[in-house]
Amino acid sequence: MGLEMFSLHTKVMNGMEGRMKESNMRILIGLGLALVYLFVGAIVFVRIEYPLEKIERETYLEYQNQWRERLMQLDIDESEIDKLFINIREAALNGIWMDRNLSSDPNWTFGQAFFFAGTLISTVGYGRVSPRTEHGKLFTILYCVIGIPLTLALLSAIVARMREPSHKLRGLLNQKLGHLFTVNHIQLIHVGVVLAALLIFVFAIPAWIFSSIETDWTYLDAFYYCFVSLTTIGLGDFEPGDDPNQSFRGLYKIGATVYLMGGLCCMMLFLATLYDIPQFNLTSFFVKDDEEMRINEEDGKYGTLDSNVVENGFYAH
């Protein structure tokens, strides 16, 4: 029996050898395009951002030199002056800087800790506040090992439920517009409707709310924060409730965490709807259909979010 299985496996692999070589070539092409894309992005960012950084660096150095001269006139040792600037920088980076000796809430309140836990298990990870103790770092590792898989499974289950009304919407579009448009056009209209709802209810309206609460955020800043967060990039340059003197800061942090989780579900729903259209599923360019089917059969956990079957371009429930 073992020899028969080995012989069958050899025949299958020989039959797939040409297709795998073709897929490998496509992957190499994809890697080359990704590298070019990275080079283009780096060049554009340098051209856009470096001039402002250069001005800010020159301004800061001028400001630092002025204060260095003033302090040295008071017979303060230069090493002490350097230590002063280092302490100020560390306090600002650790989020414990306070202006004019005003009292403020600590970073590790319940609301902030709740928000931090949400950014961990959602893999957003802003990095503005992070554990500094050995026990905190160890607990972060254990917390993420358990929390991230559970969160992804839960969000996937929620998205599977959310796809039911999305399928009903597509069926309604087919009933109303099926005599005017082809199946592919109906698919594109469906994706467009889902995208429009995503932009309005997940990005535009929340961005307006954030810009209204955060007085130093413009609307573009708030929209940028929503996009960076819900794509799980999490740069950390903007974070809701970052001002220690924010009113109802803890409650605000909890609300922002709920927004992140709900927004991630909506983003996953949009991507699932988009990938229903074969032309937008770029994975098929790098993996041949029979190879993809073989991979899915060997490891079912990487299948689709639900088991709905597509027949003639429409969902069969």
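Glycine too: its Cβ is placed from the backbone N, Cα and C atoms.
TrEMBL labels come from automatic prediction, so no person has curated them.
Feature annotation from TrEMBL assigns domain 'Potassium channel' to 106-163 (among others). Here the domain 'Potassium channel' (106-163) returns a mean pLDDT of 88 for the predicted model.
The domain 'Potassium channel' annotation in TrEMBL covers 200-275 (among others).
Summarising the annotation, TrEMBL assigns N-linked glycosylation site to N101.
Residues or ranges marked as transmembrane segment in TrEMBL: 27-48 (among others).
Annotation source TrEMBL lists transmembrane segment at 108-126 (among others). Tertiary neighbourhood of the transmembrane segment (108-126): same-chain residues 140, 143-144, 147-148, 150-151, 229, 232-236, 239, 241, 249-254, 256-257, 260-261, 264, selected by CB-CB distance under 8 Å and a gap of 6+ residues from either end.
Under the heading transmembrane segment, TrEMBL lists 138-160 (among others).
Summarising the annotation, TrEMBL assigns transmembrane segment to 188-210 (among others).
Here the transmembrane segment (222-238) has Cβ contacts under 8 Å with residues 119, 122-128, 202-204, 206-211, 214, 260, 263-264, 266-267 of the same chain, all six or more residues outside its ends. TrEMBL lists 222-238 (among others) with the feature transmembrane segment.
Sequence-distant contacts of the transmembrane segment (250-275) (same chain, six or more residues past either end, CB-CB distance under 8 Å): 105, 109-112, 114-115, 117-119, 122, 124, 155-156, 158-159, 162-163, 166, 190-191, 194-195, 198, 201-202, 206, 213, 226, 229-232, 240-241, 281, 304-305. Among the features that TrEMBL reports, transmembrane segment is placed at 250-275 (among others).
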